[in-house]
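Visitor: Got a structure for you, questions after.
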Amino acid sequence: MKPDAHQVKQFLLNLQDTICQQLTAVDGAEFVEDSWQREGGGGGRSRVLRNGGVFEQAGVNFSHVHGEAMPASATAHRPELAGRSFEAMGVSLVVHPHNPYVPTSHANVRFFIAEKPGAEPVWWFGGGFDLTPFYGFEEDAIHWHRTARDLCLPFGKDVYPRYKKWCDDYFYLKHRNEQRGIGGLFFDDLNTPDFDHCFAFMQAVGKGYTDAYLPIVERRKAMAYGERERNFQLYRRGRYVEFNLVWDRGTLFGLQTGGRTESILMSMPPLVRWEYDYQPKDGSPEAALSEFIKVRDWV
């Protein structure tokens, strides 16, 4: 089947609505919407929930941009895109909870298509979701990865292991020699065997995110915590900022190509701290995190 960008766009708009409704149902606070237009073509809907009952900040962003030609930075690596008009669309979200026992989570699903008359379109899907705990709970990690594995199974037994490894490899801070969190799924350049199959997988990932995340939120959101746990959460959030500004391809591409800065940086935690040469006490729950986030098979 020929790629249907309109069908993908409708799914993404509905996905943004659904995820916002689900997060509001858990939190009680409402999202504030900021609609924007891109000068070169397209626009989006950025939605942010701030200082809610559960979430310190949750951002759920939809964007759909298009243009007559790709930027040179993109065609340098993919010469087949030169001279083509393009459309890029996606939903991207990050949730930063108040409670340090509730992990931060991130998800993204996206579609890209470039066309020119008389030629087959070039298209692909990408996306995934990943979890960044501050305090490790095995049952949470197992639930997260089991949900990821189960949504992948209808698409082949090798899908989950492949995209889990890709996620582990991608969300890695080389300058710290550590993982950002416990991973999940990451895929890109997906265009085989056909559009329908790839679109169905992208939909499964988009819908699977809240199935994976919200039960963990419900389990941890009422746990008591104090200043020590909060300080550790803010310190570990520093790793999130470091990854996004130093290594994340999407953030760098968006900033380098004149994307909407407010929406791109919506993933940033509202409060964060750094501490020179911080070392958690041996045997403490904080010290245990470095071992917990090491790559392993959770299911």
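Cβ atoms here come from the backbone N, Cα and C positions, even for glycine.
Quick caveat, the model's predicted, so the values are computed rather than measured.
I grabbed these lines from Swiss-Prot:
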type     : residues                                              : note
BINDING  : Ser92, Asn108, Val109, Arg110, Gly258, Gly259, Arg260 : substrate binding site
BINDING  : His96, His106, His145, His175                         : Mn(2+) binding site
ACT_SITE : His106                                                : active site, proton donor
SITE     : His175                                                : site 'Important for dimerization'
REGION   : 240-275                                               : region 'Important for dimerization'
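Just tell me what is around each of these and how deep it sits.
Guide: With a 10 A radius on its CB, Arg110 (substrate binding site) counts 20 other CB atoms from all the protein chains.
When other Cβ atoms within 10 Å of the Cβ of His106 (Mn(2+) binding site) are tallied across all protein chains shown, the result is 24.
Under the three-state DSSP scheme, His106 (Mn(2+) binding site) falls in the strand class.
Following the DSSP three-state reduction, the secondary structure of His175 (Mn(2+) binding site) is coil. Cβ neighbours within 10 Å of His175 (Mn(2+) binding site), excluding its own Cβ and spanning all shown chains: 9.
Long-range contacts of the region 'Important for dimerization' (240-275) within its own chain (CB-CB distance under 8 A, at least 6 residues past either end) are made by residues 34, 36, 38, 40, 44, 46, 48, 50, 56-57, 59, 61, 63, 65, 71, 73-74, 92, 94, 96, 104, 106, 108, 132, 171-176, 180, 231, 234.
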Visitor: Going by C-alpha positions, which of the binding-site residues (His106, His145, His175) is nearest Gly258 (substrate binding site)?
Guide: His106
Visitor: Can you tell which of the binding-site residues (His96, His145, Arg260) has the fewest other C-beta atoms within 10 angstroms of its C-beta?
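Guide: Counting other Cβ atoms within 10 Å of each of the binding-site residues His96, His145, Arg260, the minimum falls on Arg260.
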Visitor: As a quick check of your reading of DSSP, tell me how many residues in the region 'Important for dimerization' (240-275) are helical, how many are strand and how many are coil.
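Guide: Helix, strand, coil within the region 'Important for dimerization' (240-275): 22 helix, 0 strand, 14 coil.
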Visitor: Would you say which of the binding-site residues Ser92, Asn108 has the most Cβ atoms within 10 Å of its own Cβ?
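Guide: Its Cβ has the most other Cβ atoms within 10 Å: Ser92.
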